[in-house]
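Engineer: Handing you a structure now.
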């Protein structure tokens, strides 16, 4: 049965529109003009948020919990501050799919009441507002996962991760945007449109957790929840100047996150945190979840407790300057050089990383994304006749035109396991604890241009934990001019040429922060976050006293 | 290309024949006649083994290591004793595929030399002879996995598990038989024939690790290694009066075990120990392997250390008398009643277990065994034209005639995960720590009759650890006559009827020990073995002082 897809899509727009707390909307004339790119300073300029609210939204989750624990902030004023910033962010960046204003405020009041009555916090995330990618189900609310066909689907239960976070004290205040098919590193769909980058609105906020990129990058939430099967947490974090963590698979519970291929586990999507302020907040999130032993409910998880790990400088970081396939854009390389100098000055052992068969890794994972020839996805799209967006078609093209047989799919599993074992052995034999590398070939993608995934996807096929954080640098109109050997660089092939050509100069990416990615060994999630906190602190000139991890 | 399969198969027979240490062969006239069933007492009668050798082969791995550690036994005399018993066992039961006499003795001498030089043992399995199921690869030796087509295949590396065991001090002295396709709960192939049950040679030694069942049941090795995707460790242990453990998947490394569907992971086969003497030896094996952190090499494993768990009577054991689908034979039910009385008398909390959708579980797992319509297996068989054995055809019939699509395979994964989560939740809500149940509908299978797998396979689909041990009882020609309500029992359907009809009376299963199965929660492997040691000790009237676990 063919439906009028636009009528169906309108329902998602209505849900969003009806949910916006109108009292905080800025009138059109107070908004920046459409050609203003960088929104970083607008919250202060807007006049919507009080000085205290600006301070609150600049705080980390860790600090907010400390303040609430000391009675200096209430959960209600915290969530109201972030909700106001959300409304502003949404007007500027179109990142939300639904505001949860009333229930969030009611929940915050309950937390405050509990605190006043007992003098205690309910858990390690007491009163922390967390934004939630739309396809992570919330009981009683619709869940469309970026498909018009699912616009009426209502979740019958909260996703398990949300239950854990809620038990730890979290407040869910806004749901966020995702691309059609969940398989763009950009963020555009036929339901609620396109999400923009807070630092440059001609750029994408990344994807598929692009709503979360904007949410955390614009500080609409100290923590957010994304999912990642090829970079979907890390690309948005890198594009938007925030923090993002891809845990090893089988650690965080994915139960209740909706996607068209349930049971497809050759390559496992993961669910994990983004944060607006710090790597430490990513650890806080992980700790709060895994301390609850979610494997005792979702038995697909590995029962591995969340260790407490102290950052240490006694480690070897290897820098991967280039994956051997697609050359990073000049600002990214500059950030890596900056990092190398800073880390060496801080006394870390820094060497180079020679990448191992990344093209082979991409061949495996790209064949695994849609083993049924994307039939599951195409069927959903065809159901309503919604247009297939260009980046959806791009991703579907990874699949073979015909579905794989189960035996062909098994052969990919074998290749995956061999490759993962080999890469792990290589890190050990080279004495490398962590790999520091680009999170993307460029600093961000111009809207619709996110074609090359393998600076992130490679760690999905290898199932290694990876954390993204700002390098401390942004695109610089002087320093990032194409110069030196870049001027005469001859791309290695079609893909390299396509990606390199996108960098016509820093102007195209003006204002964008430069994120980097630190990758740990398989299942060394805690160590990766501890190292990420240390490295991030060094790059951003924080003293060790500034932050404490635990 | 069609080969003469019999010529090919002869190669496997030759490898076996050439490897037998002829000096220990009994002449035909000294062997029992073919119609003598129970071989239990024959080692003593045979005159082949000295009194000391009989004592050695009656000892547990734990005790052997203690004796070697005290200098009271040498590794060489230990392995020679077991090798002699192997030769005898093989003449009676046809359980071996290859003897490793020279290398085993050389290895034992090396261990003795090390001990004499240092006064130390090389590891927790110092000098322990371990028999190895043939499809577990040994570098430089052929590996046919029960297929004539693979008779010339030579392993390029030792299986990872063997490397771990060897590092811990183990001595591999004999390789053991398996059925064609590895998918019978009996043990018959076109290469080296059929393995028989040591307690009754008209019965099967079980399968697919049937060589291991006979090896441990006849005490040809204190420990053996099997694999299990539907009961293939536990059925042989139960049939042969020995001990067997199916660990949770992702704990022991399967790398290097050969099978026709590499990369097929919807239902994961596991590798694990059998033991001739005790549950404690199963724990010793697990400890020796997992303490080496095999996940740092085989990254498909979950990095879960092997805990030290002390047995405790503070637990609830629920008895599953019947799976609701196939009624256990009278001796099995008698053993469960015996167990209930003993456990209650020992002060354990014993309740009944109402099985939850076991038929549904079977529907899922049986559909998962050959998602490609058994094409991988059929192709291998067709390659040489070897006959498809009846139980091979039986197993292949589980598959749908046409290969599943990848999407159909995903749907089974979803069903599997839901079912596993539900079962886990049910054990928690009912306050049950362990389920005590049959390991098979009968005490053993008459040769070629092992049709119903679901007393074991259910724990494969649920991925729960399960240990099998002797109940302390054997089939009794008086007590196990069909009587009372059994006389008028009306089977619930075709399957129940087929299985129930096999029990025409105790005579058919004369001499067979009755094994039972104790099942723990997902990933509670250590607790399951600790409880199994306790329960096994209680059933066999051992005092707590008799054995110590750690």
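Note: Cβ is positioned from N, Cα and C throughout, glycine not excepted.
Unlike curated records, TrEMBL annotations are generated automatically.
Feature list, courtesy of TrEMBL:
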{"type": "DOMAIN", "residues": "A:77-529", "note": "domain 'Amidase'"}
{"type": "ACT_SITE", "residues": "A:133", "note": "active site, charge relay system"}
{"type": "BINDING", "residues": "A:182, A:208, A:229, A:230, A:231, A:232", "note": "substrate binding site"}
{"type": "ACT_SITE", "residues": "A:208", "note": "active site, charge relay system"}
{"type": "ACT_SITE", "residues": "A:232", "note": "active site, acyl-ester intermediate"}
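Distances, neighbours, how buried they are, the whole picture for these features please.
Structural biologist: Reduced to three states, the DSSP call for residue A:133 (active site, charge relay system) is strand. Cβ neighbour count for residue A:133 (active site, charge relay system) (all protein chains, 10 Å cutoff from its Cβ): 29.
Using a 10 Å radius centred on the Cβ of residue A:182 (substrate binding site) and all shown protein chains, the other Cβ atoms total 28.
Cβ-based neighbour count (10 Å, all protein chains) for residue A:208 (substrate binding site) stands at 37.
When secondary structure is read from DSSP and collapsed to three states, residue A:232 (substrate binding site) falls in the coil class. Counting only same-chain residues at least 6 apart in sequence, those with a Cβ under 8 Å from the Cβ of residue A:232 (substrate binding site) are A:182, A:185, A:207, A:208, A:209, A:226, A:269.
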Engineer: I need the CA-to-CA distance for residue A:231 (substrate binding site) versus residue A:133 (active site, charge relay system), whole Å please.
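Structural biologist: Residue A:133 (active site, charge relay system) has its Cα 15 Å from the Cα of residue A:231 (substrate binding site).
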Engineer: How many other Cβ atoms sit within 10 Å of the Cβ of residue A:231 (substrate binding site)?
Structural biologist: 32
Engineer: Determine, for the substrate site, the additional residues of the same chain whose CB lies within 8 Å of the mean position of the CB atoms of A:182, A:208, A:229, A:230, A:231, A:232; present them in sequence order.
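Structural biologist: Neighbours within 8 Å of the Cβ centroid, excluding A:182, A:208, A:229, A:230, A:231, A:232: A:183, A:185, A:207, A:209, A:227, A:228, A:233, A:235, A:269, A:453.
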Engineer: Counting other CB atoms within 10 A of each CB, which of the binding-site residues A:229, A:230 comes out lowest?
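Structural biologist: Lowest Cβ count within 10 Å among the binding-site residues (A:229, A:230) is A:229.
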Engineer: List the Cα distance (Å, whole number) between residue A:230 (substrate binding site) and residue A:133 (active site, charge relay system).
Structural biologist: 16
Engineer: Compute all pairwise C-alpha distances among A:182, A:208, A:229, A:230, A:231, A:232, the residues listed as binding substrate, and give the largest one in whole angstrom.
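Structural biologist: Across A:182, A:208, A:229, A:230, A:231, A:232, the two farthest Cα atoms sit 11 Å apart.
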Engineer: For residue A:182 (substrate binding site), name the DSSP secondary structure in the helix/strand/coil scheme.
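Structural biologist: Going by the DSSP assignment, residue A:182 (substrate binding site) falls within a helical segment, counted as helix.
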